[in-house]
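Okay, structure first, notes after.
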Amino acid sequence: MSVLVNKDSKIIVQGFTGSEGTFHASQMIEYGTNVVGGVTPGKGGQTHLDKPVFNTVEEAVKQVGADTTIIFVPPAFAADAIMEAADAGIKVIITITEGIPVADMIKAADYIKDRNCRLVGPNCPGVITPEEAKVGIMPGFVFKKGNVGIVSKSGTLTYEAADQVVKQGLGITTAIGIGGDPIIGTTTKEAVEMLINDPETKAVVMIGEIGGQLEADAANWYKASGSKKPVVGFIAGETAPAGRTMGHAGAIVGGSDDTAQAKKKIMRACGIHVVDSPAEIGKKVAEVMA
Amino acid sequence: MNLHEYQGKELLNSFGVRIQRGIVAQNADEAVAAAKKLTEDTGTGWHVIKAQVHAGGRGKGGGVKLAKSLDDVKTIASQIIGMDLVTPQTSAEGKRVHQVLVAEDVYYPGDSEPEEYYMSVLLNRGNGRNMIMYSTEGGMDIETVAEETPHLIFTEEIDPATGILPFQARKVAFNLGLSGTAFKEMTRFVTSLYTAYVKSDSSLFEINPVLKTSDDKIMAVDAKVTLDDNALFRHKDLAELRDLREENPIEVEAGALGLNYVDLDGNVGCMVNGAGLAMATMDLIKQAGGEPANFLDVGGTADAARVEAAFRIILKDPNVKAILINIFGGIVRCDRVAQGVIDAYKNMGNIEVPIIVRLQGTNADIAKELIDSSGLDVKSAVEFQEAADKVQAVLA
């Protein structure tokens, strides 16, 4: 088992023929991901990377049975791409695009909420189930197959955590990059819940950062669930000053309850194994799984 | 991006929100001319001189003063323009004031007592919707109100599909205890305020205080407006309002080079790819006994040109005693980054602070080899902890 994506996922790439889309789609295909085509409005009927190009997501769903999409569409048009995918019946919508206006995401989040789909991102590295499907921009070789699930707001910090886990002789079931924007589809709590409920996943790594309440919500859910699966946590940004945006649009301390210290306190109180040093993530995972 | 009070008020006014009127002035003579004009236009006798800087709490630092004559206007304006205004939101050195807003006096006596309220429009990150937050306790620090009298803070969530509805505007006016003319004025005020927020793609409006005048007008006496940077591409006119004098000059320069840089007070500079890893690296520097001098995300393409640009930015800070480069090479290969570091180092000639380079990921071993055999005073590391230990060693 795994969550969100696996070897049977039928994946399309929106923004397929652009430079980002082309580069990462070819990396995904090389990894062995089941990419069944792509969408670029106006280029329908062409072939790109040996896969069919469609004008609309609806055509891709009808003709090749797409159920998962990865979006590389530029920020000004990305929210529209998300809504198009949801309308066409795509089940998993993974949005890599960084810099989407908040107002556009408010609209898109509202549009998709009653449709039967799950959004991951935006501004995220994507989702990977090792040896099955890489639906994102992460370096595939870092992620070896195993029993540890990873949830993270950040890209390179996810790779760092996965690398540390793998160096402990362990591996990954699925790593989910949920993104660092103020409005994201899948929350930390939802991602942790999926992994806790996945029989193959034996432990979860949850990496957060300053800003917002997502980690506290996830921690409270974990405590209430009574799950015995260990969760290892880290929150980046203990040294970040209040009121400044640290790279990710959502990474900003707004009050006393969204600092790294406050989040770690709640997580500890909920039974999560919190590490203060980002260099200790892998070691702690090995310890709690021993 | 933040706007000055006068810019924020102009924006609100263009959407029909009533504001305390004013004219911006760059020097004392302009301030006097502005005051005369304002008296002609509005009939105001007194004037309020307000420092225009991007920081709250200006009144506490002496940046907002009442002028009861044109002589007062001249004296106060010359005091405020050029001062380094220290407020609870600035550093101890304060912020240089380049201009003042000369505003009409709106606390004139009349049939009723003037009253102050608080109102903001912002995103509720919990449910992805905008909300209007308001309180009867205006003119005060809202954090204090939230702590001491939380029952006096109200919120109204806005459905993105409908926008603000008439009953919601009425609810705001009722909760603020208004009736008659002031009630109608408030429903108009809050409706146009929300429209302005949405149409300008703002991420924060904070109006503190919103004033009910003695003749029952509702107006914005102050305006803190933050625009969504990601939406500026469709608001060219608003993007032009950016005042670079209000920003850290090194941050402005870094931004122009495509580097995401935040200046901090510490002694260890860092250069990292990815925002999350950059924050984690700052935390690790602290745990190693240093203090981060900056946040710097070099992004995905850490080639020689970018690395060199980042070096130059970090070294502009005289407090930097060491530099930690932490790159997780995924798609970008570590050996290329290492070559970039070596080339940049050689190009720059005289880097006098020790450098620790931690490259992990694709071709990390080749990268370490390149660094170690370069003959430069650069210490290499592969593991995260190893990098921290080396930072600790050079600071000792």
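Backbone N, Cα and C atoms are what each Cβ position is placed from, and that goes for glycine too.
Keep in mind that this is a model prediction, so the values were computed, not measured.
Here's what TrEMBL has on this protein:
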| type | residues | note |
| --- | --- | --- |
| DOMAIN | B:2-210 | domain 'ATP-grasp fold succinyl-CoA synthetase-type' |
| BINDING | B:K50, B:G57, B:R58, B:G59, B:V106, B:E116 | ATP binding site |
| BINDING | B:N208, B:D222 | Mg(2+) binding site |
| DOMAIN | B:271-391 | domain 'ATP-citrate synthase/succinyl-CoA ligase C-terminal' |
| BINDING | B:N273, B:G330, B:I331, B:V332 | substrate binding site |
Among the ATP-binding set B:K50, B:G57, B:R58, B:G59, B:V106, B:E116, as the record gives it, the longest Cα-Cα distance in Å
19
Have a look at the binding-site residues (B:N208, B:N273) and report the one with the fewest Cβ neighbours inside 10 Å.
B:N208
Would you kindly give the Cα-Cα distance separating B:K50 (ATP binding site) and B:D222 (Mg(2+) binding site), rounded to the nearest Å?
10
Could you tell me which of the binding-site residues B:R58, B:V106, B:N208, B:D222, B:N273, B:I331 sit with their CB under 8 A from some CB of chain A, listed in sequence order (or 'none')?
B:N273, B:I331
Distance [Cα-Cα, Å, rounded] between B:N273 (substrate binding site) and B:G57 (ATP binding site):
36
Could you measure between B:V106 (ATP binding site) and B:N208 (Mg(2+) binding site) for me? Cα positions, answer in whole angstrom.
14
Determine, using Cα-Cα distances only, which of these binding-site residues is closest to B:G330 (substrate binding site): B:K50, B:G57, B:G59, B:E116.
B:G57
Please name the residue among the binding-site residues B:E116, B:D222 whose C-beta has the most neighbouring C-beta atoms within 10 angstroms.
B:D222
Expressed in Å to no decimal places, the gap between the Cα atoms of B:G59 (ATP binding site) and B:I331 (substrate binding site) is 51
Which of B:K50, B:R58 (the binding-site residues) has the most other Cβ atoms within 10 Å?
B:K50
Other C-beta atoms that fall within 10 angstroms of the C-beta of B:G59 (ATP binding site):
14
On the domain 'ATP-grasp fold succinyl-CoA synthetase-type' (B:2-210), the mean of the pLDDT values is 96
Looking only at Cβ atoms, how many others are within 10 Å of the one on B:I331 (substrate binding site)?
15
